[in-house]
Structure formats: C-alpha cells, structure tokens
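K.L.:
Handing you a structure now.
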Amino acid sequence: MPTIIDKLSDALHLHSHQSTFDSKVTVIFVLGGPGAGKGTQCARLVEDFSFSHLSAGDLLRAEQHREGSEYGQLIQTCIKEGSIVPMEVTVKLLENAMTATLAERRSGEGWTDGQGRFLIDGFPRKMDQAEKFEHDVGKATAVLFFSTTQEVMLDRLLERGKTSGREDDNVESIKKRFNTYKEQTMPVIEHYEKLGKVIEIDSSVSIEEVHQKTRSAVAKLLSGSTA
C-alpha cells in the first residue's frame, strides 16, 4: 500500500532535479524565535527594496483551503492522520510562488534581466528543509537572524495574544515553540553562520531601531551581490 508520503510525492512530481533558480535570484531566509519581529521587519524590507515576501506557513494554510488546489486534499490528509506535512510539499509551494512572482516580470530595482528578490520568512526550520530547498530551488544568498532574549519574546507574544486570537499565543504553547526553535532551528542558523551567510540583528530594541540596522545591512548585502 502506498504511504501518504508516496501519494504526496506522486501528486507533486517530486523528482530529483537541478536547482530551479540561478544566482541572479536573491534569496534571504528570515529566521528568529517566535516574537523576534520577523514579519514586522519583512514588511519594512518589502517597501525599502522591492522584495517579494513569502511565508511558508501562510502558503501551506492558503493552499489547504484554496478551491481547486491539487495539493490541498493531501495537506488536509496529513493533518487528519496526524502526520507532518512533508518538507517536499513546503519547498514545492515556495518554488511555485517564486516562479509565479518571476513570471509577473516586475519592473524596478532587482527585478530586471531574470533577477528577483525574495524574503522567505520562518523557513527553513530544520536542516533537512534547508538542504532540500538548496538542492531543488536555489542557494540562499544570506540569512537574516533576528536575535533577542526569551524574556523579550515571551512579553511580546503575550501582549500580542491579548488581541491576536491565535491559539498558540499562550504561555504553554509559547514555551513549546521556544524549545522547538532552540532544538531544530538554531542548528540551521549555526550551519549558515559557518558559511559566513548570517546577518545577525539584535531585535530587542525598538521596531524603528531594528529597521534602521536591518535596512543598512541588507543595502550593503545587495550592493555587494549586484556588483
């Protein structure tokens, strides 16, 4: 009997292939603990540098509920059976979103002659996801790492929880997310640090201060990558 992984692989045509995008495409992974301010800063960078902002979590949620989706039923089946959505699916959705964005033939800085600029928020969360993305889609140009203390993140998430309505914005869930981040995502950051690709930003300070530091670092990165 074929497993759910087999079914997903068949449906998504998940076969080994060369990376989809070449070095003209800038890919920045955006990582940090829950409440570190990743989404807030991504929104600012979109305005500053015309990035396309992709969230792996948002793509999965949208695909699950999209009418006519070829992946939605399979994602729902994984959830129903209590199994994790395979990394192949997440990577494929990111690849599709990037392909669709490039097909729009955007104008402006960073979007001519086959170029593109992507911020991928909250991904990769594990090393195998990083390896799969780099093999199938393309190499990461850099990793933006928003670092702060667990105390700061907890305070921010509890404050957000007062109005967000998110079930995971409570102390018990937050602590589990912290543990997952430390055990699974920190090794990803350490891996890219060894490659000299990590840009660490202290996100303990105000949103505006973090933005100024981030904008300066990304401007320097882009000027170097396009030189």
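For all residues, glycine too, the Cβ spot is worked out from N, Cα and C.
Feature annotation from Swiss-Prot assigns ATP binding site to G35, A36, G37, K38, G39, T40, R160, V205; the stated evidence is sequence analysis. Marked as ribonucleoside 5'-phosphate binding site by Swiss-Prot on the basis of sequence analysis: R61, S83, I84, V85, G122, F123, P124, R125, Q129, R166, R177. The region 'NMP' feature in Swiss-Prot is assigned to 55-85; the stated evidence is sequence analysis. Feature annotation from Swiss-Prot assigns region 'LID' to 159-169; the stated evidence is sequence analysis.
Give me the structural setting of these features: burial, nearby parts and distances.
P.N.:
Cβ neighbour count for R177 (ribonucleoside 5'-phosphate binding site): 17 (other Cβ atoms within 10 Å of its Cβ, all protein chains included).
For the region 'NMP' (55-85), the model's pLDDT averages out at 78.
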K.L.:
Hey, does DSSP put G37 (ATP binding site) in a helix, a strand, or just coil?
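P.N.:
Going by the DSSP assignment, G37 (ATP binding site) belongs to neither helix nor strand, so it counts as coil.
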K.L.:
Reduced to three states, what secondary structure does DSSP give G122 (ribonucleoside 5'-phosphate binding site)?
P.N.:
coil
K.L.:
If you count other CB atoms within 10 A of each CB, which of A36, V205 wins among these binding-site residues?
P.N.:
A36
K.L.:
In the structure shown, which of the binding-site residues G35, G37, G39, G122, P124 has the fewest Cβ neighbours within 10 Å?
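P.N.:
Counting other Cβ atoms within 10 Å of each of the binding-site residues G35, G37, G39, G122, P124, the minimum falls on G39.
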